Amino acid sequence: MQKIMHISVLLSPVLWGLIFGVSSNSIQIGGLFPRGADQEYSAFRVGMVQFSTSEFRLTPHIDNLEVANSFAVTNAFCSQFSRGVYAIFGFYDKKSVNTITSFCGTLHVSFITPSFPTDGTHPFVIQMRPDLKGALLSLIEYYQWDKFAYLYDSDRGLSTLQAVLDSAAEKKWQVTAINVGNINNDKKDEMYRSLFQDLELKKERRVILDCERDKVNDIVDQVITIGKHVKGYHYIIANLGFTDGDLLKIQFGGANVSGFQIVDYDDSLVSKFIERWSTLEEKEYPGAHTTTIKYTSALTYDAVQVMTEAFRNLRKQRIEISRRGNAGDCLANPAVPWGQGVEIERALKQVQVEGLSGNIKFDQNGKRINYTINIMELKTNGPRKIGYWSEVDKMVVTLTELPSGNDTSGLENKTVVVTTILESPYVMMKKNHEMLEGNERYEGYCVDLAAEIAKHCGFKYKLTIVGDGKYGARDADTKIWNGMVGELVYGKADIAIAPLTITLVREEVIDFSKPFMSLGISIMIKKPQKSKPGVFSFLDPLAYEIWMCIVFAYIGVSVVLFLVSRFSPYEWHTEEFEDGRETQSSESTNEFGIFNSLWFSLGAFMQQGCDISPRSLSGRIVGGVWWFFTLIIISSYTANLAAFLTVERMVSPIESAEDLSKQTEIAYGTLDSGSTKEFFRRSKIAVFDKMWTYMRSAEPSVFVRTTAEGVARVRKSKGKYAYLLESTMNEYIEQRKPCDTMKVGGNLDSKGYGIATPKGSSLRNAVNLAVLKLNEQGLLDKLKNKWWYDKGECGSGGGDSKEKTSALSLSNVAGVFYILVGGLGLAMLVALIEFCYKSRAEAKRMKVAKNAQNINPSSSQNSQNFATYKEGYNVYGIESVKI
């Protein structure tokens, strides 16, 4: 059993004499306050002081308890009754209402309460809170809702819900009723989010919140978290304290929010009370010292006034009221009711006064009648009264605005505010913009597009640059949209014409037209330095595999030619002199030895030829196919040689997103607020998820505030930073001086830029049709060519593309010179070796001949002559070419 904290406030006779006068008449008043109702208790105390009288004094006995605990309520009520109270003020909920009403009816003790009104007849219960059913049904009909969700707190009873369901059955409304009163506090945030996500799947964007302030605030927090507080959503807060909640956090979301207000702050009586209320000390009166008051606190203050007025009327009627001898046990069996309790009930029901909650009057059942409830709507400048509801007049609208909040006035009569962003080449300041005014200060793709859209739709427009320079993203903590999206969501602009990417999260809060430009995320890097050709770059036209095959083919052809020449009888012939006479020797010769075969193949490959040619058919077949082979190879080589020698190629260290993700030397990042960052954050693809993990944890941060900052970082990083941005912007910057950036790889995704309007805007259809028409006319492509390529500064091939051809430098052909010098050197070396070899051989021969002469002197002369002739023949004759 939970222990009840019992607080009895008994003011001393001296103090009460100072407050209420010198009269000793004391009227005991009970009070049952729930824990945490500090402001209500402060209002109760202020009322005790405010409505004091010299005729009698009210003496309160206060109990703070859990009103949901029926046992605690029973003990407190019986304790109050045994003290001899004349009436009890207090609160109840659905668990304790039957206990309290039963005691009141049995013991004839009047109970004045600001809690929710009950159905049926409950004697001795005076209900300070007006019934909201009639006003709520009238507001639903005013908004012409026929399909909505109804979220209710079962702790407040089900009477209002039952009335709505009865009307729904009669008028064929589609109502989704959901009880949020039993949601576990530990998981409430998650459950609220899940609830509204389920409603979104059902396209339920009209919601009634039949809850008290604290629960409404909890629900609104989660509505903001999941982005359901924007245009296109409408909420009705079904309690009497529209201004009691924290409306500031949802005020600029764009959603329509309506409700009811029982305390009219424009009323003079309320204004005077607030002046005094705001001067009270917070420590002495918790919840005071503010310029507002909760409607339950206002009803508490009014209840004190009603009790005071009732007892004053009894005094005027000279009806003596006393509890002497009547303070008994409330649990006695049989129960003994208080005999004079009926007189007090009658006096309370007959009270008619003006209070903080307006006109206070009761019917025979103790329920409020002849009251007025203000109808409120939340505007961007705060809560605003749009009308009121009363039992006689029903709903009366005093503010002539359409309930939907959409502007349907003619476009031709309105200057449309167009928000955009300074981003080349979409929107740029003209060089002489300081001398111009209005839209004339700007130029660019989107400036021309805005003019065309306005011409097709027939409206005047004003270009404004977004204040924070952002495209639009929702803050993870505050859930507030920034950038151009925020200006649309919060009603600061009518349309956004800019390079704004169409994404799911943005589509949830704003409307997009058909894409006016298709694009994707691409990689920008600093253009690498052109690679200089190598010493042997003349070998590049053919792959190394081909060169190896040519070498083997050369050797193979030479060997085959040698073998064919040896086996073919037609390749052998006798030697002839220059005058045509044959030698007297019968020996046949063959010119295609192995070295001559190699020389013949080399000469044919170099297209130079040699002095010998095959005589046999087989040898000529070998030579023919070799000539054909060399013809094709040399022609192909020559065709590619010019391109390889004159074009300086750029070697990029990065070719794709995979290359970026696999290395850490080159940093990479995106715009800090935009769709590109969202793409990586939400992507489930392994490569992109790996890139996002790196980007969000990189130090220093790889994110940049603007595209210009990202481009500057690429240019200054010396190839150590890559910037991820839309391909269209990448292509544009590549065409701008100093022409030192380039796009690498393909696009990472496919998306489009669209023109954005607020949810439900009347501009949406007109703008959409205009975009389609411009696309069919080819004007969109014409605008892109104008601002991307016609005004480009680097040409199609970069900054040096103006030169048609590049002159060959020494480095292009250095290898050829090296081979020439090497060949000459090799020839001289071989010649030296041959000379040395021949000299040594000649020395040996001369030595042998001299020795022979010494042995046979008689024949030395003839032998010498013959040797001299033979040597001359070997050196200069035909044999000099024989192997």
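Placed from the backbone N, Cα and C atoms, the Cβ positions cover glycine too.
Take the CB of C330 (disulfide bond) and look out to 10 A: across all protein chains shown you find 18 other CB atoms. Positions annotated as disulfide bond by Swiss-Prot, on the basis of experimental evidence: C78-C330 (among others).
Annotation source Swiss-Prot lists disulfide bond at C739-C794 (among others).
Per Swiss-Prot, S-palmitoyl cysteine is recorded for C610 (among others). Counting every protein chain shown, the number of other Cβ atoms lying within 10 Å of the Cβ of C610 (S-palmitoyl cysteine) is 13.
The Cβ of C836 (S-palmitoyl cysteine) lies under 8 Å from the Cβ of no residue that sits 6+ residues away along the same chain. If you look up Swiss-Prot, you'll see C836 (among others) marked as S-palmitoyl cysteine, on the strength of similarity to another entry.
According to Swiss-Prot, the feature phosphotyrosine maps to Y876, an assignment based on similarity to another entry.
The region 'Required for interaction with IQSEC1' annotation in Swiss-Prot covers 867-877 and is backed by similarity to another entry. Across the region 'Required for interaction with IQSEC1' (867-877), the prediction's mean pLDDT works out to 40.
Under the heading signal peptide, Swiss-Prot lists 1-24, citing sequence analysis as support.
Taken from Swiss-Prot, the feature topological domain 'Extracellular' applies to 25-543 (among others), supported by similarity to another entry.
Look at Swiss-Prot and you will find 565-591 (among others) tagged as topological domain 'Cytoplasmic'.
The topological domain 'Cytoplasmic' feature in Swiss-Prot is assigned to 611-616 (among others); the stated evidence is similarity to another entry. Each residue in the topological domain 'Cytoplasmic' (611-616) gets a DSSP state, and the totals come to 0 helix, 0 strand, 6 coil.
The feature topological domain 'Extracellular' is assigned by Swiss-Prot to 638-812 (among others).
Annotation comment: Swiss-Prot describes 834-883 (among others) as topological domain 'Cytoplasmic', evidence class similarity to another entry.
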Which one is it: of the disulfide-bonded residues C78, C739, which Cβ has the fewest other Cβ atoms within 10 Å in this structure?
C78
Spatial separation of C794 (disulfide bond) from C78 (disulfide bond) - C-alpha basis, Å
93
For C330 (disulfide bond), name the DSSP secondary structure in the helix/strand/coil scheme.
coil
Mind checking which residues of the chain, 6+ beyond the ends of the topological domain 'Cytoplasmic' (611-616), have their Cβ under 8 Å from one of its Cβ atoms?
561, 564-565, 568-571, 573, 591-592, 596, 600, 622-623
Using Cα positions only, nearest of the recorded positions to C330 (disulfide bond) (C610, C739, C794)
C739
